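Engineer: Would you mind keeping the following structure in view while I ask a few things?
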Amino acid sequence: MTTRTSLTIVLAAGEGTRMRSSLPKVLHPVAGRPLLAHVLAAAPHGADDKLAVVIGPDHQAVADETKRIRPDAETFVQSERLGTAHAVLAAKQAIARGADELLIAFGDTPLISAETFARLREPLRNGSALVVLGFRAADPTGYGRLVVEGDQLAAIREQADASADELKITLCNAGVMAIDGRIALDVLAQIGNANKKGEYYLTDAVGIMRERGLRASVIETDEDEVRGINTKAQLAEAEAVMQTRLRQAAMTAGVTLISPETIHLAADTRFGKDVTIEQFVVIGPGVSIADGAVIHSFSHIVGASVGSNASVGPYARLRPGTSLGDGAKIGNFVETKAARIDAGAKVNHLTYIGDAHIGEGANIGAGTITCNYDGFNKHRTEIGAGAFIGSNSSLVAPVKIGVGAYVGSGSVVTKNVPDDSLAVERNDQTVRVGWAKRFRETSARARKPKTS
């Protein structure tokens, strides 16, 4: 089959005023990834597929995010908001370069899939000049209705203009569209603004195609996939749908989720085989969990890798830059950041490990702190393989604890400890025999009321 070229234009110029936020609407996250990023990830990616994003003025943050996600993408500014067709023509320069297929999508529909983009293109290869994505709405009120005659799309009728019979139609316009790229620019240029708002509506392209005797088609998807995000409530609804998808995909791949509805995943979370995630775990962006690992309840993991057969939690926090080796253990109330913890090492309780490397098989006692920040700079702590750090120790970085070395409980270590050595830093213990009894007796006498 001959390879066909495509240009996808993603409209992302909306202010999102109903979000009540200074953050551009398309940069709000779902499953740890901006709305726009989900759409760009789903859009065609091949060598013959181009991408353009239309942004609003003063939305440099959106342009920057676009380049981060898809360095190949171009951005164009829609200086005035005069309707969807006007927005598409902001990328006129890209359209004019030519492509077999022009795809138009929206930056606030994070649930759209790559499969839907592929299905949208198929009718163009079979003779259609325009394809509209539709969905069966549970409540079609407010949506444009797709009027179908036989197997062709006859019109998109807005709610205010629909007849009584047309209002009964539940097949609604999702806004996503594909146009034969050879005629796309000519059709878009023909769209006028003779309406109450004086705007240029992309939906008018259907009528133009019909006037030219060209075929317009509809493909359907489920309503969830084309949810647009305009409010924080809709953002939360999309998050819920996305989480259900991610959990289902994880379980299908063999991950055990205990009470899946309580577990939060990120869009880019990667799992190995036979992973178990207990209740109330939050996994943020940039996390990979290898075969056989167990994440216990109430743990929070972001930007970290967990090795095979490792154990995390309960009540553990793994921050960005944490790398947990095979069979290593992070226990309850432990926080790690920018830390490499090698295979078999144990950090079991009440500990902070930051900017550190813990060698294979080392044991870190309860209450140990790596003191990594001096108020200006971060410093590293190196703990050798097989080392033992006693409870309630403070390791003042930069410092190195050698292979097989011991640190006595309660020590404040400020100097390097050689291999197989013992470091103890604390005052000699003083014992005063009978002192406690005398103290109680003296205190009791002092509390007796004085007689007048």
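First residue shown is number 1, and so on along the chain.
Using N, Cα and C of the backbone, Cβ positions are placed for all residues, glycine too.
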Engineer: Can you match one of Ser323, Ser391, Ser443 to the acetyl-CoA site that Swiss-Prot gives for Ala366, Asn372, Tyr373, Ser409, Arg426?
Structural biologist: Ser391
Engineer: When you measure from the Cβ of Asp108 (Mg(2+) binding site), which residues in the chain that are at least 6 apart have a Cβ under 8 Å away?
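Structural biologist: In sequence order, the residues whose Cβ lies under 8 Å from that of Asp108 (Mg(2+) binding site) (at least 6 apart) are Ala12, Gly14, Gly16, Lys25, Val26, Leu35, Leu36, Gly228, Ile229, Asn230.
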Engineer: Looking at the recorded positions Lys25, Arg319, His349, Arg426, which sits with the largest number of other Cβ atoms within 10 Å of its Cβ?
Structural biologist: Lys25
Engineer: Which of these binding-site residues has the least crowded Cβ, counting other Cβ atoms within 10 Å: Leu11, Ala13, Ala366?
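Structural biologist: Each of the binding-site residues Leu11, Ala13, Ala366 was scored by Cβ atoms within 10 Å; lowest is Ala366.
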Engineer: Summarise the region 'Linker' (233-253) by DSSP state, stating how many residues are helix, strand and coil.
Structural biologist: 20 helix, 0 strand, 1 coil
Engineer: How many neighbouring Cβ atoms, not counting its own, are there within 10 Å of the Cβ of Asn372 (acetyl-CoA binding site)?
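Structural biologist: So the number of other Cβ atoms within 10 Å of Asn372 (acetyl-CoA binding site) is 23.
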Engineer: Just the number: how many Å between the Cα atoms of Asn372 (acetyl-CoA binding site) and His349 (active site, proton acceptor)?
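Structural biologist: With the alpha carbons as reference points, the distance is 19 Å.
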